[in-house]
Amino acid sequence: MNIIDGKQIAQNLRANIKLKVDALDRKPGLAVILVGDDEASEVYVRNKDNACKEVGFYSKKINKPINTTQAELLSEIECLNNSDKIDGILVQLPLPKHLDANLVIEAISPKKDIDGFHSENIGKLMQNKPFLRPCTSKGVMMIFEMIGVNLVGKNCVVVGASNIVGRPMACELLNAQATVTICNSKTKNLSNKLKQADIVVVAVGIAQMIQKDWIKPGSIVIDAGINRLDNNQLVGDVDFESVMQVASWITPVPGGVGPMTIAALLENTLIAYEGKI
């Protein structure tokens, strides 16, 4: 069993990005919009801001009050779309319930959509002609590359069908010529499907759902979930302590997929910058 150190892999990627940024005349610019005062979202935004500063990006944090209207938010995005200093735009999700997240995502220029959620970027990913790829699934693909996994012909099961992780992850694996099964909350006999998998990627938001006896010995298990238990402990969707006994590679939570998601975000910002040159 090998534990995948996402922090170390991400640190190496950030160091390479910084070398590229140091040679540029203008620093890539990232704008992050946070609506409201959700504590978890504030932590995520702060982590992204710190990562940007570490690699030498220009970082702009925009805090909007929780009662911000749809029109006000769209106007802010339009200003950033037209700004020469800003190469990437990120609106921190989830948004307050009175705001339409889909409308907000579609308002971001596809060329500055560093989250990779705009329908144009999702369409390019599905056509295997990606430009800005969704960050979590891209970060997972970076992990596979770093640990030397050949995905061609591998049986891969993605547990979770969200637009943020599950669906883009399935597309990434298909583009890598893997054989992909995507499961959701209605999937019957999930454990039987997982027992056939060479690679399992989980993102369902259910703490420690995936158990040791669901996993084929020697498989690779990627945990993209993050949950907080009653005792304040952060855990993933995989029962790490038991599954690590049978997996050949496994990501911890925290310290696995999370740092890689931010590394992918930084790389997307650099790609967006280079696309304007």
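Heads up, the Cβ atoms here are built off N, Cα and C, so glycines get one too.
Listed by Swiss-Prot as binding NADP(+) are Gly160, Ala161, Ser162, Ile226; the candidate from Ser109, Ser119, Ser185, Ser191 that the record includes in that site is Ser185. Across the annotated binding residues for NADP(+) (Gly160, Ala161, Ser162, Ser185, Ile226), the two most widely spaced Cα atoms sit 17 Å apart. Within its own chain, Ala161 (NADP(+) binding site) has Arg167, Ile182, Cys183, Asn184 as residues 6 or more apart in sequence whose C-beta sits under 8 angstroms from its own. Figure note: comparing Cβ neighbours within 10 Å for the binding-site residues Ser162, Ser185, the maximum is reached by Ser162.
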